[in-house]
């Protein structure tokens with residue numbers, strides 16, 4: 001039962017850990033529509049930041065729900081067993097309350113952003129619950145649902161900023177996140193095979209699926225690069241020899257990063273989460289820096305052409 005005295009003994013950081021605030025970086029996807037359209041001035045829009053807060057809150061609620069339902073499997077995992085609910089630092093009842101409060105708080109923020117964003121947020125929560133409850137145990141389907149959840153963030157950002165997103169970029173996003181999700185699965189399978197484990201706990205994959213998952217990583221990743229190139233060719237941001245060259249170079253950088261990530265995952269050298277890998281791996285940071293500089297250059301070129 002809930003007890004205030006008992007709850008007071010739980011360190012505040014334990015609650016924070018359960019919310020996984022480091023994953024809020026993924027909600028930076030809400031700002032992507034503004035950036036790809038070269039409208040940096042719209043980054044200061046209040047609705048956009050309110051949408052960011054919305055997804056931080058609901059995403060944390062879903063992570064809590066995920067950890068609650070995955071406690072049994074996490075306790076058998078070498079690293080996940082240290083999570084707050086798996087290690088029994090937080091009780092199941094505490095997790096239920098945290099989940100409800102976080103999702104409700106996100107819903108309140110979404111309502112203040114308008115009906116369309118509320119509908120997108122509600123769809124995100126519903127799809128997330130379906131994923132946690134059923135789909136994460138289904139092989140391949142889980143990759144596409146995860147991709148849809150990430151792409152929903154981009155749609156939410158476009159809605160909050162009132163910016164249309166080209167279909168070619170949405171196709172790039174969908175395939176890129178299928179690739180990233182499969183890279184994570186590939187890395188997990190490699191590590192389990194190395195440890196002699198029989199299967200991937202709580203997921204629908206077997207060790208014998210290792211090669212086919214690697215194939216999905218590569219094919220989806222390169223398909224994403226093709227859609228990115230299509231977006232570049234159709235985009236008004238890349239006009240003139242220099243911007244077009246920079247845009248194509250950015251496509252090459254993305255292709256290189258995906259290829260390298262697949263090799264790292266195939267070796268089992270990647271961290272369990274691709275986000276941690278992207279922000280800690282030296283080559284990945286160089287790629288991110290290069291892409292950021294290229295994006296700044298394209299926005300500058302667009303501002304000069306408008307001026």
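From the backbone N, Cα and C atoms, a Cβ is placed for every residue, glycine too.
Annotation comment: Swiss-Prot describes 46-66 (among others) as transmembrane segment.
Per Swiss-Prot, the feature transmembrane segment maps to 91-111 (among others); the stated evidence is sequence analysis. Listed as Cβ neighbours of the transmembrane segment (91-111) (distance under 8 Å, sequence separation of 6 or more from its ends, same chain) are residues 1-2, 7, 10, 15, 18-19, 50-51, 53-58, 60-62, 64-65, 67-68, 71, 85, 117-118, 120-122, 125.
Annotation comment: Swiss-Prot describes 117-137 (among others) as transmembrane segment, evidence class sequence analysis.
Beyond its flanks by at least six residues, the transmembrane segment (140-160) meets 26-27, 29-34, 45, 47-48, 50-51, 54-55, 113-114, 116-117, 120-121, 123-124, 127-128, 130-131, 169-170, 173-178, 181-182, 185, 203-204, 216 of its own chain at Cβ-Cβ distances under 8 Å. As annotated by Swiss-Prot, transmembrane segment applies to 140-160 (among others).
Residues or ranges marked as transmembrane segment in Swiss-Prot (evidence: sequence analysis): 163-183 (among others). Beyond the ends of the transmembrane segment (163-183), by six or more residues, the same chain brings 33-34, 36-37, 39, 42, 142-144, 146-148, 150-151, 154-155, 157, 213, 216-218, 220-221, 223-224, 227-228, 230-231, 234-235, 254, 258, 261-262, 265, 270, 274 to within a C-beta distance below 8 angstroms of the stretch.
Marked as transmembrane segment by Swiss-Prot: 212-232 (among others).
Sequence annotations record features per position, and here Swiss-Prot assigns transmembrane segment to 238-258 (among others) based on sequence analysis.
Long-range contacts of the transmembrane segment (279-299) within the same chain, counting only residues at least 6 positions beyond its ends with a Cβ under 8 Å from a Cβ of the stretch, are 25, 35, 38, 40, 237-238, 243, 246-247, 249-250, 253-254, 256-257, 260-261, 264, 271. The annotation transmembrane segment is assigned in Swiss-Prot to 279-299 (among others) on the grounds of sequence analysis.
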Residue numbers, six or more beyond the limits of the transmembrane segment (46-66), whose CB comes under 8 Å of its CB atoms: 18-21, 23-24, 26-27, 30-31, 34, 85, 95, 98-103, 105-107, 109-110, 112-114, 117, 121, 124-125, 128-129, 132, 153, 156-157, 159-161
